């Protein structure tokens, strides 16, 4: 055997030595041996290290000397070196102690026995000394050392028990090492005894056997865990996390997670299955610690720069949030970094072992056990690497999770304490972003932060080993890698630019969809769908265009990523072979360097990414730090303890401003408020009334003076702040329920009637910002909260402005006034309402931030100063207001009832209703603002109120139940049909082509590597290889072919993905435009929008890359199997059990992780919505002193979210360890079978199969992850499919059934026995109508709420299809023609004017059918010409979303202009109700009378005076015709119409 192939084995480590290095190590060995020989007594034992005995033999053995020294000392060295660190850790562990158990007693007993056995040896040596046989020193030292160490271990067992450690990793490793080091001596003792036939040294032989048995027992015992500690804090959790009480091995392999994996596999996980968080991960613990560190930072940073201007640089250091973070989370994270370091070093062992293995295969006369040892070492090394890597990831992810918790908590707490001026500097959205986006960035960075030092280390080590193997030619390969970095980053920058552009298109598409869905009914009535559909598809086309560009780029970067290792290998090998004839590429060099290049690939790609992440995170850090450094409100600016007796509030000489840098808003305020008095604060708009209330709450900066407020405070802000909770919770606001007090509060705040209207009474869930309450209701809830809180001081900031005046009177009398519930409490009321002023005790008049006068009503009147003038101004206004409505009083009341019909009739749950409702309430407040002088008016008003409770009839309830049903989330596995649907969308042929391309690309890759292995086996002639040129050429060709195929396949895949995205979106859009109106009434818009935004996004951007990764990893794994089987056919035997194991792990993981992801995303949004709610209601929360409670709620929400996030992290670790174990087994078997079949194999093939096996672990792991991702995301296809296949309305155009061009020419209408219902299962709304309308007649339709007036119009347009009977227009049955043919020939002016964002022209004429002149004519007739021509862009005037930049009246006129443009023979006028002012209404009526003289006009009337001159009036009553005649005849008949006219004062 040549010098070069000598391998030195010390402590079982293999170091291949180059020939030059051998002599040095030889000296080292000789020196070492001499020393040991002295020690173990030379004459007595053989020399310690004998290569003939140990290595070059088929039956290896270690020399007794080596056994007695090095091997015996290894465990002791380990334990003593770990001890100091471990003791520190134990001292800090506070978990109570564990009661002495049987297990513990046995452990201790065996420990003591071990000690006895070791020292028996020691005494035996002394005994020998006395008998004048001098044993070598080793026989004294070793037993002494071992004995002391074992004693230490025994003591540790007890100490751990007292510190509450249930399972000790340190000792498990110690016993394991002891067993490992005793196996060698055991074997050699048995061998020598067998060889000699008798036992030497019977005593030591016996003690050794006993020792061996005892350490095995100790090892087994230490694997069991103790009971949980005694006196540990009692775990009240219903479902504690098993991690806490799991043993060391269970933690190492994450075995404790298995229970959840199994549960998740059996049935979808739910909220209740999640474990509660470990104590160290809860918000409470983390935020407390972080806040403490941050406060320490702030205390260290001086608040003001130091005295001399010269050196304020040094002292003026800002408090650094980074330092606080490092102090809080650094130590924990560093543990993870240590694991990373170990893993990095271990990752370089396997390539070295590979080279030893290849050397072994070449060397035909090497003993077989070498091979088995190498295979075993490879396996052990890989398993260690896996365990360590996942521990590292666990530490990183948990740090990330804690960071997010900490940052979220700190920001939340800060947001409740910052001053108002600081709050103004950033919007609520920005602050929420700090919490969501910036905290998330920290979390993402944590995973790879260690790459900052680990990547350079890995690169350095890899290059070092490569240099060892190939010399300077490595630099060529490295150069290629370095060149690829800027290439990749350029692509990344470009991709980001595309992303921004695409987001722009996406946003505009979603905005348009939102509008379309909001106004879908109007689109249907006007038959405008095609035009809008085109607009959406146009945006979508641009969006996909950008996507396609991004896909081109992506496939190029994929090409770079896949080809990089190959190109590097190619250049390196080519340079290496061509530099020098003597350079021979043998298997060892080729495959070792290939595996090293594979290691290099990861850090080189990660480094730029980590650096860019770091840059982003540093920006986030700055933003967070800036927010946390904002000024806070001074909690002591309002004195709460000391105050003069009998006074509730006193302010002396105080000056306040909204911010230190702003000028004072309130100056020199002096006021004393006696306890129990009612004080009104009045003054003009903007004179500082609300500011004064804020100042009393301590919300303003107090510049000078003093403020004292004694007692608890309740505060009603001007803008009511309502939480997203039930109405009841909003009123209780965290206090215990006292039913009587609660009912009383509802009663006095006039909320009883509202409760009857709300679908769930006081359990109604109120949307964010109180969206489903009217302004007045919100204000009353806010007031009820104050009343219920039974505080001592009430600060009421104009609570009466938002409610109607009779309600205001009720509230003043029952709550605020001298006879109200709050009498005897101190009340400060900001008000504009003069009528209440005579009843208050004191009035404070504010002028420009100063108190100009105070006193009672009478005193101030006498003074005749500012207050008297204020009274005169306002009294005038109020009189005017009172006169105006009287004339329309009665009609308004009717109208009020009818508005409520909008709800029941059409819009069960349209967003529009809300608008209408708000406008209705506004209107009502005008109607009733004059408090009821005459009794008859009062009675009509009463009738409105009485009708209200009855307002939601059966359909409404029904709709609500339907609405409350949650959206179905898909659970369980995804059906194959969904994948098939996606494949159909991509195109079955393309799908097959993609798979085929992937097969080809892997075939090319295998080809290149097989060629390489063949090349390395080329015989060496005179130290050189022949035809290297051809070898390099073919290798390059195969590699580049692979690269090209990658490019083409990823490209085809991207194209397929985009075409699928296009088809799926188009189908969805098509279907949604054809869906009947009833679908929109029962489905919240948000749900449909979600399909268009979230699900389409997933199909556009998530599924294709996931499929790309999945196919890539799948084929890589497949090709690995093929290569290994091809080189060692035996391997086929193991594949089946490994595949089964893999499959099981994968199924368990996918089911569990998918559900955990869903739970995590569901529980995430409440954190942010609660936060934005808190930010907007901070002053109320502070006033009621509920800050702590809100902080707790926020912490709870964050913890709820982390509860599903944490198992998600662990599930990835759990999976990783199990899947990588499968991968490690593949490595083991590939190496083993190579060793077994080494006579028939050449070195090249072994190198090939083992280097493939080493790579497989990663792709197996990713394959499972991608399967999971794919299954999670493919659901989007299913959801879109579901909405693309809802039932559709009748076809828009029926071929061959189109009515004549000029139809309807006469405008005759006939209803024949016509009945209709809203939806299947509901009652009929119109029952058997029979009526005939002649051409050109003007018909008014009237009737009480819910009589079916609006339904008639919907029937004409076939928004509702007949239940039986039919409608004929000019003799044509409308049910037989296409919907668009019908709808485009009728004109409607709908009740609520809907405009779309876009130009005015688009809103009038979306199909560009009419010329400019015609449009201007229509505008002139609809009285809009003046307004439009005054706009600079005229007809291209941009309307904002929903026409927000036009007044309601103008919007109504735009609808009139639309009607004038279409000018068909039949006009339906669904009369606008509350939305419109009388003036506009008259304009419309006039235009209709002049312009539509010869048309048939049907008007659904709310104001009877508009239809008194119509040809006939149709009176509907609960869906049937009650009366139908001329208005004069109907009044004479004294029927329903008469009573309505009488109510309206027209009869």
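Yeah, the Cβs are placed from backbone N, Cα and C, and that goes for glycine too.
Record note: among 1121-1145, 1146-1170, 1171-1195, 1196-1220, 1121-1145 is the stretch given as transmembrane segment by TrEMBL. Annotated by TrEMBL as transmembrane segment, the relevant range among 422-444, 445-467, 514-536, 583-605 is 445-467.
Looking at 318-346, 550-578, 608-636, 637-665, the stretch flagged in TrEMBL as transmembrane segment turns out to be 550-578. Long-range contacts of the transmembrane segment (169-186) within the same chain: residues 62, 67-68, 71-72, 74-75, 78-79, 82, 86, 153, 156-157, 160, 208, 211-212, 215-216, 218-219, 222-223, 248-249, 251-252, each at least 6 residues beyond the stretch ends and with a Cβ under 8 Å from a Cβ of the stretch. The list of residues near the transmembrane segment (1096-1115) in space but at least 6 beyond its ends in sequence, with Cβ under 8 angstroms from a Cβ of it, reads 506, 543-544, 547, 551, 554, 558, 562, 982, 994-995, 998-999, 1001-1002, 1050, 1053-1054, 1056-1058, 1060-1061, 1064-1065, 1068, 1259-1260, 1262-1263, 1266-1267, 1269-1270, 1273-1274, 1276-1277, 1280. Residues 103, 106-107, 110-111, 113-114, 117-118, 120-121, 124, 167-168, 171-172, 175-176, 178-179, 182, 185-186, 189, 247-249 of the same chain, all 6+ positions outside the transmembrane segment (206-224), place their C-beta atoms under 8 angstroms from a C-beta of that stretch. Of the recorded ranges 473-493, 989-1012, 1221-1237, the transmembrane segment (369-389) has the largest number of C-beta contacts under 8 angstroms with 1221-1237.
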